[in-house]
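Student: One structure is given below, represented as structure tokens, and several questions about it will come after.
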């Protein structure tokens with residue numbers, strides 16, 4: 001009986017290990033590409049991608065997008081953040097990527113936020129800005145960036161961008177997730193508060209940081225935490 005019991009356990013263990021290897025082996029794409037279908041199946045369930053179009057209908061057009069070619073209206077912080085996923089750029093489907101564009105007016109900012117499912121790599125197309133992220137020990141990592149510079153924000157960490165130049169700053173982003181997500185750390189004003197006043201308080205606190213701090217990459221952790229919890 002003991003031998004039979006051990007044999008049964010070994011068989012279950014073997015099946016489990018074999019199944020695990022199969023799952024791991026098929027985590028990557030099993031096809032070259034899978035452009036998003038414009039007519040997805042209504043009852044289909046997709047976890048890490050959207051439904052695919054018929055391969056016979058795939059063309060080079062599916063792998064080109066103009067979604068980031070133009071700016072748009074900016075928010076109260078003086079910035080526009082646009083994230084494009086496979087729902088609008090069909091060629092991205094199942095590739096584990098998303099792209100983005102941010103335009104920030106002079107003295108404007110992209111307020112504190114994070115992408116819980118993705119690392120973000122930014123490329124500064126024009127302008128001069130301060131990019132910073134906060135790690136899980138509340139330590140701030142910041143750098144002044146100019147056109148042509150690249151900066152990486154690790155997955156899930158809160159970050160912001162502040163335009164310290166004399167022209168509109170434009171940066172492009174690549175995310176290593178098909179659905180990066182977008183979270184906000186700073187609290188939103190209540191309906192009774194003046195939104196513009198709240199926004200202005202945040203901008204004043206960031207812009208009041210001395211030029212010496214910005215140029216020498218001094219520690220701005222306390223100032224950022226003050227903005228997060230006291231605006």
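Yeah, the Cβs are placed from backbone N, Cα and C, and that goes for glycine too.
Annotations for this protein, taken from TrEMBL, read as follows:
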type	residues	note
SIGNAL	1-25	signal peptide
DISULFID	34-52	disulfide bond
DOMAIN	66-208	domain 'Cupin type-1'
BINDING	113, 115, 120, 159	Mn(2+) binding site
BINDING	115, 120	oxalate binding site
Student: Using a 10 Å cut-off, grab the number of neighbouring Cβ atoms around the Cβ of residue 52 (disulfide bond), all chains included.
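Tutor: Residue 52 (disulfide bond) is surrounded by 19 other Cβ atoms within 10 Å.
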Student: Cβ neighbours within 10 Å, counted over all protein chains: which one of the binding-site residues 113, 115, 159 has the most?
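Tutor: By the 10 Å Cβ neighbour count, 115 comes out on top.
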Student: Take the Cβ of residue 34 (disulfide bond) and count every other Cβ within 10 Å, whichever protein chain it belongs to.
Tutor: 23
Student: Calculate the per-residue pLDDT averaged over the domain 'Cupin type-1' (66-208) and state the result as an integer.
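Tutor: Summing pLDDT over the domain 'Cupin type-1' (66-208) and dividing by its length gives 87.
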Student: Rounded to the nearest angstrom, how far is the Cα of residue 34 (disulfide bond) from the Cα of residue 115 (Mn(2+) binding site)?
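Tutor: So the Cα of residue 34 (disulfide bond) lies 24 Å away from that of residue 115 (Mn(2+) binding site).
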Student: Please list, in sequence order, the residues in the chain of residue 120 (Mn(2+) binding site) that are at least six apart in sequence and whose C-beta is under 8 Å away from its C-beta.
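Tutor: For residue 120 (Mn(2+) binding site), the qualifying residues are 100, 152, 153, 159, 173, 174, 175, 180.
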